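Lifted from Swiss-Prot, the feature list:
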BINDING   45-50, 65-66, 71-72, Q94, 129-130, W174, R184  FMN binding site
BINDING   K50, Y112, R116, S120, R180, L181, H182  substrate binding site
Amino acid sequence: MSSLEDRDPYALFAEWLEEAGTTEPNDPNAMALATCTPEGRPSLRMVLLKGVIAQADAEGGFIFYTNLESRKGGELLANPHAALCFHWKSLRRQVRVEGPVVAVSDAEADAYFASRHRDSRIGAWASMQSRPLQGRFELERRVAQFAARYAVGAVPRPPHWSGFRVVPEVIEFWHDRPFRLHDRVVYRSEGSGWTHSRLYP
């Protein structure tokens, strides 16, 4: 195992993610995303990491996409802070990220949306994410409706669909060790660089 200390945390994360791609049965880029209402009520769900900008400033971060009218979208717009957790059981490793959240640009959202499978683009129009659904048939009816609407030509990005970038103030690396004497190293952003320290397990 490479050292956890005196590293660029983005580079270390990239190494771990690449290794997870060879050992995890599926979705090594899956991450738990925690959001919170302005009143302090948290919620948590799994999403997929779709990009990393490896800069130790406000322009860097971990990117994901979502329906802005979903619960997580609403919470992020009202309280733009989040935490992420990657857990790779096959490697006995975990990475936690904490920081403010900023919206991606329309150009970034358009480019990623255009790269998705056509059926997924139709689904983004059909799904009123996080709102009550009477039954599966209702969802399938909406899918058919939007598939017919966009039967010819490109499927545009819905105005309620975009992405966010979590700008890390904290990145913590955890590696399992025997007898629960695990390795924990936390990096904190400071200006254009990082400081790091070890934590008791």
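Just so it is clear, glycine is given a Cβ too, placed from its N, Cα and C backbone atoms.
All features noted in Swiss-Prot, drawn onto the structure.
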{"residue": "V47", "record": "FMN binding site", "DSSP class": "strand"}
{"residue": "Y65", "record": "FMN binding site", "DSSP class": "strand"}
{"residue": "R71", "record": "FMN binding site", "DSSP class": "helix"}
{"residue": "Q94", "record": "FMN binding site", "DSSP class": "strand"}
{"residue": "Y112", "record": "substrate binding site", "DSSP class": "helix"}
{"residue": "S120", "record": "substrate binding site", "DSSP class": "helix"}
{"residue": "S130", "record": "FMN binding site", "DSSP class": "coil"}
{"residue": "R184", "record": "FMN binding site", "DSSP class": "strand"}
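Here R116 (substrate binding site) is compared against the binding-site residues V47, Y65, R71, Q94, S130, and the shortest C-alpha distance is to Y65. The binding-site residues shown are Y65, S130, R184; of these, the one with its CA atom nearest the CA of Y112 (substrate binding site) is Y65. If you measure from the Cα atom of R45 (FMN binding site) to that of L181 (substrate binding site), you get 28 Å. Of the candidate binding-site residues, Y65, R71, Q94, S130, R184, the one lying closest to K50 (substrate binding site) when CA atoms are compared is Y65.
For S120 (substrate binding site), the nearest of the binding-site residues by C-alpha distance turns out to be Y65; the candidates were L49, Y65, R71, S130. Under a cutoff of 8 A between CB atoms, and with a sequence separation of 6+ in the same chain, the neighbours of Y65 (FMN binding site) are K50, V104, A109, Y112, F113, W161, S162, G163, F164. Considering other CB atoms within 10 Å as the measure, the emptiest surroundings among the binding-site residues R45, R71, H182, R184 are those of R45.
Highest Cβ count within 10 Å among the binding-site residues Q94, S120, S130: Q94.
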